[in-house]
Amino acid sequence: MNSLVQTPKTSARAAESTPHSLHPKVVAKDVNVYYGDKHALHDVTIDIPEKAVMAFIGPSGCGKSTFLRCINRMNDTISIARVTGDILIDDQHIYDPKLDVVQLRARVGMVFQKPNPFPKSIFENVAYGPRIHGLARSKTDLEEIVTASLQRAGLWNEVKDRLNEAGTGLSGGQQQRLCIARAIAVSPEVILMDEPCSALDPIATARVEELIDELRQNFTIIIVTHSMQQAARVSQNTAFFHLGILVETGPTDQIFTTPRDKRTQDYITGRFG
Amino acid sequence: MTSFYLVALAVLTVAAFLAARGRAGALGASGRLHSLPTYHGLLAASAVVLPMMLVLAVYGATAPSFVQSQAIAALPGDPLGDDALARATRMREIANAVANPAGATPETLAAAERYRAAQAMADWALLIVGIGLGGLGAAWMVRKVGPHFRARNGFERVVIGVLIACALVAILTTVGIVFSVLFETLRFFTKYSWLDFLTGLQWSPQTAIREDQVGQSGAFGAVPLFVGTTLIMLIAMLIAAPVGLFSAIYMAEYASPRLRGIAKPVLEILAGVPTVVFGFFAALTVAPAIRSLGLTLGLDVASESALAAGVVMGIMIIPFVSSLSDDVINAVPQSLRDGSYGMGATKSETIKKVVLPAALPGIVSAMMLAVSRAVGETMIVVMAAGLTANLTFNPLEAVTTVTVQIKTLLVGDQEFDSAKTLSAFALGFVLFFFTLILNVVALRIVKRYREQYD
Amino acid sequence: MTDVVLPGARTVARPSEEAARALVRRRYRTEARFRAYGLGAILFAALAVVVLVADIVSKALPAFTVSELVLPVEASPEALDVAPAADAAALAGANFVAPIRQTLLGYYPEVRDQRRLRSQLYGLLSSDAGMGLRRALTADPAALGSTLTVPALLSDDADLFYKGYVTEVTTERTNGIGTPSGVSGTVTVFSAANDFANELVAIKNALAGRARELTRQREDFAERLATLQPALESARQAAAAVPDDAGLAGIAAKLDSDRTSLDGTIAGLDAQIADLQQRAQGAGTSEVIDAQVPSVLVAINGGVVKATEVHNDRIVGETLVPLQSAADAAPGTWEVLRYDRPEAARKLSDQEVTWLRGLEARGLVSQRLNWMFLTSGDSREAELAGILGALVGSALTMLVTLAICLPVGVAAAIYLEEFAPKNRWTEIIEVNINNLAAVPSIVFGLLGLAVFLNFFGMPRSAPLVGGCVLALLVMPTIIIASRAALKAVPPSIREGALGVGASHQQAVFHHVLPLAMPGVLTGTIIGMAHALGETAPLLLIGMVAFIVDVPTGVTQAATVLPVQIFLWSDLPEIGFQAKTSAAIIVLLLFLFLMNGIAILLRKRFERRW
């Protein structure tokens, strides 16, 4: 089946399924981020609904990736970054000092811009998360998890005969799907995707987008993207960031058809970006 | 004579430079030149310097032996048939007679006369050939000066030639090392079986000075040396490998910038300390300390125990291991770490399961380079390890190493043809090729590893 | 799309809350442990640096100062062995030590006629003790015949005594009246208040300690005997089995004689131990003093008596310095002394220590900064040895090294980085340079010995050869650093120069090389620092000779600083041990200076393109 042909259909489906924002999974209140002296994100307040795809769009340097990395505290790895404000997942403050960042990240998985499989076998790549989090009681369990994850990531048929080969030997699109499989292997509640298709060719992109749409049934997905088309295709809700400010958020069809803010309109119509 | 020659060289060079530049400058005033006058001058100058230096090199390499053979041939009897030692003694006598004829025998005086004549002949040959060639070169280049003459291109070819020659020095050094150890080693193996050398268990290099001396036959079984070297190397690596690796990990992954700012210079200090200082520390502080510690524990520790030398050598190698490991750990892309953190792995899990496996080839090669360093280290073992070849793996006993024996056999009075002296070169040969193989393999692994993440 | 994603795909069962928390706790413990290993490793390295530096500095302390006597010396022409009113030239051959010895003898006239004691007294002076007098007279020849106050250098051992390295001296106040029986020779000193009881206890303690030490030795010997016994048995059996083999019989005989001598040694030790134990434990009120126990002395009436026998109320001994009178001494005006280290375990006898204490009491001894350490060459006498020769040797060697390896190394780097075609040959050169950087330094020594000395016949021990060898040794470092510096210059610079019509060489030599120069120099300094600390290859080309004169040219025999350190470290005297440490400090200072300059250079010229 040709993936390119399927694209409009996916987007149509995304538009149909409107019952979003039933229950906010992630809630952010007045989030500010500073990199040293630089104020990178100003007072971001947003609700992100459960089991739906939320897209963050905006020109480069607008703070959308920064905000994304706040949600699983990946900014902790940057020593000069400082975050204020509240982010809650299921009403739990994630910047609560008592909260364990390791457990948080098990609940909030992440897929990165560039595919970054570990230099190990495909099996080991996917098994890594379940192993460190103690999710598998036996080897059979582990195999089952790996198989299921690869199946859900749509990679199983391509790799089932070479699970012991290096993950770095796959093609770019396959590597990214491997990273997604790796992320879902620990059954996170939320999956963060930081421009997951920017390093992929159109065909691989289409497959990942399809995958995102399927994963929506079980996971809350937040995706940062440069491409408005992609946002339109895969997301139910969209947030537009500009110069570190969350300008507008709402259902995707509304943002793309009747934006409330002038800046959103300018961006969508391609005045800047 | 050489200094006079060098003065002539300098004068001729400057003269050729000025003449060619002047001529080109005069031409340039009337029309357009292909090359700047300075290039004409430089080309003419190099036409003097290169041939004259070549002649001087030939003179330096051949004249002394020519003069000596002439002088010795003037002696009665069959002096050329004598052994090297007797010849050297004769030569000293002749040289003394040249400087101070009083009290020399008539034969020696005659030889001294020949010596002086041969020396004069060689000197004149140097002057005439050298200055002649230099003058010819200068004249040729000055004559060639003209508007279309490509002096710059010519000079640049000379420069490239010089640069290539300099790059070849590195090759020549290797060739020199290989040949100097190889020749002497082959000579050694004509006197002593190579199989016995590599597999013999008895090392006592003292050879009999007189025929009738007892018990001084000389045995060159190098296994005890190899074992001793290995033992000390293992002790050193036992310290340097974990400490170096862990400090590299800590510095790369955990340390705050402030701690790094302190720890890095500390390791650099350790890396900059000369090995002779470590040797002193090992021999005068660590060895007695280990010995007295052993006494209180009821252990009999040799005063030159392998342990003392190995521990200090390990300390010496720590910065080496840590800086090489630091390089390879930092070469692991951040995206891999992010991937692991993103799944909720702790730092140590990320390091153990992602960073270290990814950096493994680099770390293995760092360890290999460290081993090669430990095996080739000389001063610490010379000062703190023993001289007698014990075949033991007990770290509390004194052992000796390959480098210690090379140093012991070659320092002090020596005759160049004895098996004792030659055996040092055979040891050097083993040492050189062992470390060479380690280095080649290690550098190759590192190179491939770098390419993987570039 | 062939993969079918099952809508109800199995979701992973999370472990129970309790189990998850336990797992996380365990994971964090592992984390903390791992982190501790890392910190421990760094602390270990730091500790090693601290211990190393502290050890060397503490060992070097005695070398920083030197003790000398400042004496009024009568510079009479007779004593100096020159004509009256001699000029500066004639004074050069004078015997400058003689007048100083005369002065010293003036303080202890009783040894004038005793050859052995006299030469012991003179031995307190350095062999170059006349240096101060020579300086004074050379500066002012007219002072000949007058009395001058000049410094006289003391011997190494005397110097160490004043620095506290020879023995502790314990002084005890007295409570009773002291009564000497005479003024010289064998003298008994009585105390009215058992002033010697403490000494008796100290000596008994020392005897007990010595008994313990001998017991340990005896055990060692016994152990050796135990291991010898079976060897002897088997050797005997072997010899008996092959009666004609002289070799086997010889071995058996040798082992047998070893056993006999060990037996003897052990029996001797047993007797000694028994004797010592008996003396130590016995309630006897007197003890004989020998060289194995601390010395006890009495300073009374201006003289010193060395005890050979101690009782609670009196000592019997020989005078080391005659008493001025045999009168009673009031309590507190006389002292009991103890030299804690036994005489046999130190280099200075009781007599010498007593003299040195006397000179100190007269206020003649002073300590000054040992600038001679930096201004004189090597010597067999620790108090005279300096590092100037080694410093100059190092400087000459470094000069040769720099003159060779900087131009050649930079030229090679330029060729390889800028001009070399990428083919197999240049790859071989590259691999070769990288390997050369890791070849053990002693192998370069073999190269120097075989090629420079034996093949080219260059002079042994000369900085010229040392410099050549070190140049080859550090060349790879400089080539690698220079290539990195050249590579760091962005191509835009090169292209800019080429764009205005410069030739490739002009672009390189006019633009790229000047910009790369700070990096090249940094690499060169680091390479030179490496060369400055290198020892092993220089040993093989004979730079280990004992050389007193400061070298003046690159073909003269010389030594270098690290080799000097190696040579001194082999000498047993504490004085040389201190000199070794001081020389190490000088070497380290030079190295830190060079590395500091390299770091500054890197910081100063660090450029972000």
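Backbone N, Cα and C define each Cβ position, glycine as well.
Fair warning: this is a prediction, and the values are worked out from it, not measured in the lab.
The transmembrane segment annotation in TrEMBL covers B:38-59 (among others). Outside the transmembrane segment (B:38-59) by six or more residues, the chain places 2, 5, 9, 12-14, 16-21, 23-24, 122, 125-126, 129-131, 133-135, 137-138, 140-142, 145, 149, 151-152, 154-155, 158 with a CB less than 8 A from a CB of the stretch.
Marked as transmembrane segment by TrEMBL: B:124-142 (among others). Outside the transmembrane segment (B:124-142) by six or more residues, the chain places 1, 4-5, 8-9, 12-13, 15-16, 19-20, 23, 40, 43-44, 47-52, 55-56, 59, 63 with a CB less than 8 A from a CB of the stretch.
Annotation source TrEMBL lists transmembrane segment at B:162-183 (among others). Outside the transmembrane segment (B:162-183) by six or more residues, the chain places 425, 428-429, 432 with a CB less than 8 A from a CB of the stretch.
The list of residues near the transmembrane segment (B:225-249) in space but at least 6 beyond its ends in sequence, with Cβ under 8 angstroms from a Cβ of it, reads 203, 263, 267, 306-307, 309-311, 313-323, 325-326, 329, 351, 356, 363, 367, 370-371, 374-375, 381, 385, 389-393, 395, 399-403, 405, 427. Annotation source TrEMBL lists transmembrane segment at B:225-249 (among others).
Marked as domain 'ABC transmembrane type-1' by TrEMBL: B:226-442.
Long-range contacts of the transmembrane segment (B:269-289) within its own chain (CB-CB distance under 8 A, at least 6 residues past either end) are made by residues 303-305, 308-309, 311-313, 315-316, 318-320, 323, 377-384. Residues or ranges marked as transmembrane segment by TrEMBL: B:269-289 (among others).
Through the fold, the transmembrane segment (B:301-321) approaches residues 228, 231-241, 243-245, 247-248, 267-268, 270-271, 273, 275, 278-279, 281-283, 286-288, 290-291, 293-295, 366-367, 369-370, 373-374, 377, 380-381, 384-386, 394-399 of its own chain, all at least 6 residues removed from its boundaries and within a Cβ separation under 8 Å. The transmembrane segment annotation in TrEMBL covers B:301-321 (among others).
Here TrEMBL flags B:354-372 (among others) as transmembrane segment. Remote same-chain residues near the transmembrane segment (B:354-372) are listed as 233, 237, 240-241, 244-245, 249, 253, 317, 320-321, 324-325, 327-329, 331-332, 336-337, 339-340, 345, 434-435, 438-439, 441-443, 445-446, 448-449 (criterion: CB distance under 8 Å, separation of at least six residues from the stretch ends).
The transmembrane segment annotation in TrEMBL covers B:424-446 (among others).
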